[in-house]
Amino acid sequence: MSNIANLEAPVIAQAAVAQAPLAGTATEKRLGRGSIDATSVRASHLTEDSYDDEVTEEVLRTLRRVSGKIPWTAFTVAFVELCERFSYYGTTVVFVNFIQQPLPEGSSTGAGHSGQSGALGMGQRASTGLKMFNEFWAYVMPLLGGYLADTHWGRYKTIHAAIVCAIVGHVILTASAAPSVIKHNGSALAAFIIGLIIMGVGTGGFKSNIAPLLAEQQTETKKRIKVLPSGERVIVDPSVTTSRIFLYFYMCINVGSLVGQIGMVYCEKYVGFWLAYMLPTVLFIFAPIVLAVCKKQYILLPPTGSVFAKFFQLWSYACKGKWSINPYRTYKHLTAPDFWDRVKPSNVPAGQRPGWMTFDDAWVDEVRRGLKACTVFLYLPLYWLAYGQMTGNLTSQAAVMELNGVPNDIIQNLNPISIVIFIPLMDFFIYPALRKAKINFTPIKRIALGFGLASLAMVASCVIQVYIYRLSPCGTHASDPDCPGPAPINVWVQTLPYVLIGFSEIMASITSLEYAFTKAPTNMRSFVMALNLLMNAFSSALAQALVSLSADPLLSGTMASWPSWLRWAACVSG
């Protein structure tokens, strides 16, 4: 993900794999034990792989920080994510038209050709509602996936089980769009919803575990000094390496979604929905094959038992006597500085300790740190609510603009295109320049900036909607199926909100994934990642409550309301 060089060394050391070799050991292997004193070697004579035993505070203040090498196994995990995102976004990109638009006259596949593709004809509110339900369900299920991975199966087995479940869901979705089924609205809708639910279970189990599995392939835990061929001494910082891994992981996400969305939109338009659902299913089958072939090369941490149960017991124990009828007093008690200290095993008399209190004080400190980090996630539902406008209302907005033969649901691919372009720019130019200038661009600052950019995207969307209402021949009912024509506005003006949302994702979304991994205790990584993803579910629940506003003539007001909330969240989180 994005740069996290500001994170404290203890956090980074905890976030990486404990069995990694120390920098001093690496020095001994390269220089020979006792054969030469490494500190006596002049910098000009050191090779590219030379190490220094200590990184002092003075060195940290003066030397530039760089990334270490990304292990090749991380790229294979990223490819698996690419396949999964191709299948997920390639399928969901056509949901709006499948649900909202009616089956074209004379079509048995839903293909629109020169007109609008469709199937169920349930209208915009139904399409927005079902799409929001899908997002809610897919982002609640990571809680189950995180629990199973951390407690019983481990990440590798949980990912395999999730892939099988998701493929079954994809197959049922394909059946819902078969020519013999799609012409019967009731049967098609029932199969569609069943496929949606099963696919969501698989998606959730996959998403909560794939990012931690990826990051755990990086085994280096210590900062070290490296001399470049140019003679410059730099610090190889594991936190920067982790940041870079997540940046390219997110780029793979968007490459997969980009190819899937563009390809499946044209499959939907010129062949039918069945092909748009089937091709992602076929590609997803490659994911478990890659994982199986590379299994022996992966670093796979075993499950550690019922960590969540112990956490809940500890939290309940700490809350005893802290509740009050007065909400403010309860808040003060639950946020008191000694809330966690008083329940550390060392502070509980041996005769009063519960039987489940088998951990030490350090474990309580890890839980406290992890929960404190999770408070940052509380502001993400507002961000994801704005992001959801992109695949819902902005797709519907495009349908009432001048398309000039372009499918209305292909415009949203400007978002992943912008991300794929911006990520290398951030990695090779922007972030290195900030580190060289000693600008501490912390994760919280990046998330706050992401909120601000999303706010600007919603402002741009609102302005476009206002002009649609002004210029459409149907006025404030521009999406009326009987409207004689679209608003005379070229659909490519939506480039601005899509690009702004894309850049905001690099700041907010990537950083939140990185933050969840680096702040979580090792035995709770999947669960904390699931909590981060759960914020998407909360945003979908909020969007579900606002479905009634996702229709003419209320769209401009709906879009206009989000910038103020996002600005507030940015100020609070930053």
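The backbone N, Cα and C atoms fix where each Cβ goes, and this holds for glycine too.
What TrEMBL records for this protein:
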- 161-182: transmembrane segment (TRANSMEM)
- 188-206: transmembrane segment (TRANSMEM)
- 245-266: transmembrane segment (TRANSMEM)
- 272-294: transmembrane segment (TRANSMEM)
- 376-394: transmembrane segment (TRANSMEM)
- 414-434: transmembrane segment (TRANSMEM)
- 446-468: transmembrane segment (TRANSMEM)
- 496-517: transmembrane segment (TRANSMEM)
- 529-551: transmembrane segment (TRANSMEM)
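When Cβ distances are compared across the two stretches, the transmembrane segment (272-294) makes no contact with the transmembrane segment (496-517), since fewer than 3 pairs at least 6 residues apart fall below 8 angstroms. Touching of the transmembrane segment (446-468) and the transmembrane segment (414-434) is ruled out by the presence of fewer than three CB pairs under 8 A, sequence neighbours closer than 6 excluded. Note on the transmembrane segment (496-517): residues 1-2, 4, 15, 211-212, 215, 242-243, 246-247, 249-250, 373, 376-377, 380, 383, 386-387, 390, 394, 411-412, 414-419, 422-423, 426, 443, 446-447, 449-454, 456-458, 460-461, 464, 525, 528-529, 531-532 of its chain, located 6 or more positions outside it, place their CB under 8 angstroms from a CB of the stretch. Long-range contacts of the transmembrane segment (414-434) within its own chain (CB-CB distance under 8 A, at least 6 residues past either end) are made by residues 2-3, 64, 66, 243-244, 247-248, 250-251, 254-255, 257-258, 261, 390, 441, 494-495, 498-499, 501-503, 505-506.
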